[in-house]
Amino acid sequence: MDGVILSAILLFWLFLVLSFLNLYSYSKSKETLKVHLNEVALTQAMIREKKRSLFDRMIMFLSRYADDFSAIGERINFYSESPDVEVLLTKAGKPYGLTVARFQGFKIVCVILGFIIGTFLFILGFPFANVLFVTLPFIGFFIPIFLVRGKAKKRQEQLRRDLPDFLDTVSISLQAGSGLDGAIKEVISYYIGPIQEEFSRFIQEIELGVPREKAYLEMLNRNDNQDFQNVIKSLIQGSRLGVPVATTFQNQANEMRRISLEQVKEKAAKASPKVTLITSFLIAPLIMLMILGLIILNMIYGEDSIINLFST
């Protein structure tokens, strides 16, 4: 009987020590996660502050008047049909609060602005004012199209850059014992940008009762970045097969960093011939001219110069 009691006491203390060890490990992992999230959030906030330029504020100001011209813009839809605009705005993250109707009206606002600027230049008698008077309205029509295309490209590129850090952070949170939805919800609160927007919408759809696989497919339709699509496809496959998500995230983050490093090396290799070309045709001739100039100056003004030879 005494042996049973002693064994029970020993087991109690053993489990108590193991519990404290697990609690300590969890607290350390959580602290590491918070430090990493704070660093990422600070970096993201600085990037966002730098990107808020005068041009962006001017675009937002002009877009306020776009609703009045949306009907006209929908009729004049060269390279900007409404279904294509909807896809483009979705990939761009609806920049400047643009909807399809507002985008169509914004084209007409830019046409009117181009006409006003062209008229002003024509009255002042600027060179090529006649050409600008005609071309500026056409340029104004296409400015919103190229602007939103550029925003979509930048957003998808930022999504690719932020994804490895996001996956690492979620992986740490999962290893600390959090569930997938809880880990994503906690991590995205520290992010600013497309990562935060996409996964916030995903969590909201899940909480509203949208099937998980359908929410994943909606994320795929909203973004065309290949790395992001690979992550979402792996999540879909993992939810079907029961693969550990933490391991999947960590492996994909490492793979993305490896691919990014290879792309940087490839760009550096492509830049080497360009540097050689510049060196061969610009720097080398300049160096030869400098050496030749020094030789000529030495021949004219040196101790054994031509002037001294004739003077003697």
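Backbone N, Cα and C define each Cβ position, glycine as well.
Residues or ranges marked as domain 'Type II secretion system protein GspF' by TrEMBL: 166-292.
Per TrEMBL, transmembrane segment is recorded for 6-24 (among others).
The transmembrane segment annotation in TrEMBL covers 108-126 (among others).
Long-range contacts of the transmembrane segment (132-150) within its own chain (CB-CB distance under 8 A, at least 6 residues past either end) are made by residues 59, 76, 78-80, 85, 88-89, 92, 95, 98, 103, 106-107, 110-115, 117-119, 121-122, 126. According to TrEMBL, the feature transmembrane segment maps to 132-150 (among others).
Residues or ranges marked as transmembrane segment in TrEMBL: 275-301 (among others).
Per-residue confidence over the domain 'Type II secretion system protein GspF' (166-292) averages 83 (mean pLDDT, predicted model).
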